[in-house]
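The active site, proton donor/acceptor annotation in TrEMBL covers LYS80. Per TrEMBL, the feature NAD(+) binding site maps to GLY180, VAL181, GLY182, LYS183, VAL184, GLY185.
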Amino acid sequence: MDGAVFSRHSGHEQVVFCQDEQSGLKAIIGIYSTALGPALGGTRFYPYASEADAIADVLALSKGMAYKNALAGLDHGGGKAVIIGDPDRDKTEALLRAYGRFVESLNGRYITACDVGTYVQDMDVVARECRFVTGRSPEHGGAGDSSILTAFGVFQGMRAAAEWLWGSPTLRGRRVGIAGVGKVGHHLVEHLLEDGAEVVITDINEQAIDRVRTRHPQVDVVTDTDALVRADIDVYAPCALGGALDDDTVPALTAKIVCGAANNQLAHAGIEKMLEDRGILYAPDYVVNSGGVIQVADEIHGFDFERAKKKVAGIYDTTLRIFRLAADEGVPPAVAADRLAERRMAEVGRLRGIYLPGQA
C-alpha cells in the first residue's frame, strides 16, 4: 500500500469513504480527533472540482472543528463530512437517507449537522436513518437556525477585542465594517447598532444589502470588499468567504481589530504574523464564530436557548484569555488559540486512559 495515503491523513483518526450508486451518493467523513468525545461537525454539500479537492477540504475542516470544539469548552472532538455534488441538482431524499445510514454505521463516533449546502430540513431527512444528527428543525425536536447565536458570539469576541485594545468592552462610537450581511452578518449588524456603533457594509448580494438598509437606513454601504478594507473603519468583520485576509488585504487594512464570522479567514500560514506586525488585533475566527456549534451541541441534550446563549457569552472570556496568552508567550493570537486548544485536547484526552469498569 502506498504510504503516502497515510501521510496525507496524518493526525486524523479515521477517514471514511461512502458511496451509494443508486442514489448517487459520494461522501467523505473525516474524524480528526475523539480525544474530548464524539466528533461533532457539519456536512458540506459542494460541487468539488475533483475528489482530491474534496479530500483536502474534509481533512482541513475536520481538524478545524477539533480546535473549535476544544476552545468552545465542548465534550466533543472534531469531525466533518463532505458530499460531492451540486446541492441544487443532486440533493434527493434517497441520497440524504443513504448518507444517514453511513453516519449511523459509525455508531456515534461522528455526529453530523448543517454546513454549506445543507439545511435544517436536510438534517430532518438524515435523522430518519440516523440517531447521530443535530441541527434539526424545531418541528423535529431541534434548535433550528444557528445564525442568531453565531452572530451573538462574534459580537462577544468583538467586545473582548475592544476591551483589550481600547480598555472598554463596547463598540460605541466605533466604525465597524462588515463584509457579508447574510445569515450571520445581518444579525451582527443588529448587535452593533444596539451597542452604539456606526456600521458600514458590503455584500455581493444586493437583496441582502436591501434587507439591512430597509430596517436600518443609517447603515452605510460601500461597493465591494476592497473598498471596505480601505475605508476609515476601526473594526473589520469578514462574514462571508474564507481566505479574506491575504497578502493584498492585510497591507491595505485601516482597521485596528479584525473579528468576523467567516471560517478560515487567514489565507495562508504567516498572515497572523503580518497582522501582528501591522499592529492589528486578530480575534481567531474559530473561537469567535463557535456560537453555532455550541448551539447544536446543546441540542443533543435537549435544546434550551438561554442555556446555550449563556455558554456562547463565554466567548468573551475565552477571547480575552487568548489575548493574554499571546502577550505572555510573545506569539500572535492565532497561535495562542491553537496552543490552548491543543493543551485541552491533550490534558482532557489523557483521562481516557483511566479505566472505567464496563467501558470497552
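Think of each number as a place in line: the chain as shown, counted from 1.
The backbone N, Cα and C atoms fix where each Cβ goes, and this holds for glycine too.
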Write down the Cα-Cα distance for LYS80 (active site, proton donor/acceptor) and GLY185 (NAD(+) binding site), rounded and given in Å.
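A Cα-Cα distance of 23 Å.
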Helix, strand or coil by DSSP: which one applies to GLY185 (NAD(+) binding site)?
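GLY185 (NAD(+) binding site) sits in a helix per DSSP.
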Please name the residue among the recorded positions LYS80, LYS183 whose C-beta has the most neighbouring C-beta atoms within 10 angstroms.
LYS80
Note down the number of other Cβ atoms within 10 Å of the Cβ of VAL181 (NAD(+) binding site), including every protein chain shown.
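Counting Cβ neighbours of VAL181 (NAD(+) binding site) within 10 Å gives 26.
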Find, among the binding-site residues listed as GLY182, GLY185, the one whose Cβ has the highest number of other Cβ atoms within 10 Å in the structure shown.
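The residue with the most neighbouring Cβ atoms within 10 Å is GLY185.
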State the Cα to Cα distance, in Å, between GLY182 (NAD(+) binding site) and the residue listed as 'active site, proton donor/acceptor', rounded to an integer.
23
Rounded to the nearest angstrom, how far is the Cα of the residue listed as 'active site, proton donor/acceptor' from the Cα of GLY180 (NAD(+) binding site)?
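Given the Cα positions, GLY180 (NAD(+) binding site) is 24 Å from the residue listed as 'active site, proton donor/acceptor'.
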Enter the number of other CB atoms within 10 angstroms of the CB of VAL184 (NAD(+) binding site).
27
Rounded to the nearest angstrom, how far is the Cα of LYS183 (NAD(+) binding site) from the Cα of LYS80 (active site, proton donor/acceptor)?
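Rounded to the nearest whole number, the Cα-Cα distance is 21 Å.
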Quick one: which residues besides GLY180, VAL181, GLY182, LYS183, VAL184, GLY185 have a Cβ within 8 Å of the NAD(+) site's Cβ centroid, in sequence order?
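So the extra residues in range turn out to be SER147, ILE178, HIS186, HIS187, LEU188, ASP203, ALA208, CYS239, ALA240, ALA261.
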